[in-house]
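J.: Okay, here's the structure, questions in a sec.
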Amino acid sequence: MIKKFSILAASLISVAVIGTAVAQESENPAVKARKAVMQLYAFNLGTLGGMAKGEVEYNAEAATRAANNLVAVTQIDQSAMWPAGSDNVSDPSTRALPAIWENFPDVSAKGQAMAEAAVAMQAAAGQDVEALKAAMGPLGGACSACHKAYRAPKN
């Protein structure tokens, strides 16, 4: 029941976020799909980050669920979501820089680092808040490494 609620909550948040961006929504299904994946990352990272910052009371079950979700999302084969010509130059609804396609081995390595950090979080999340905090740094760093190099700033 809790898992169904988590999926429903993530879906509703994704719909709300996507709904607010309708004016600048891509027609490209690959761009839509990868934005949805990023929203799933953000939703679950928000749960963990809130606990790490003390904004939300630590809950081992909720932390474990969020970490499990992150690991599951990292396992999605995203290769079809990144076709050539789906960068921010070709599609203004995305912030994906053309450098992604010029440096795809580096992007893949950064994706692997994210997957490894998610697995480390999965091992730490249910232990206690201190273990969660320790795993947050590498996880956030993995996200930032890719975004700093390959995502355009917000307008």
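Cβ atoms are placed via backbone N, Cα and C, with glycine included.
Just so you know, TrEMBL annotations never went through curation; they're auto-generated.
Sharing the features that TrEMBL gives for it:
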type	residues	note
BINDING	Cys143, Cys146, His147	heme c binding site
SIGNAL	1-23	signal peptide
J.: According to DSSP, does Cys146 (heme c binding site) sit in a helix, a strand, or coil?
T.: helix
J.: For the heme c site given as Cys143, Cys146, His147, which other residues of the same chain have their Cβ within 8 Å of the site's Cβ centre?
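T.: Going along the sequence, the neighbours come out as Lys110, Met114, Ala142, Ser144, Ala145, Lys148, Ala149, Tyr150, Arg151.
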J.: What is the total of other Cβ atoms whose distance to the Cβ of Cys143 (heme c binding site) is within 10 Å?
T.: 17
J.: Of Cys146, His147, which of the binding-site residues has the most Cβ neighbours inside 10 Å?
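T.: Of Cys146, His147, the one with the most crowded Cβ is Cys146.
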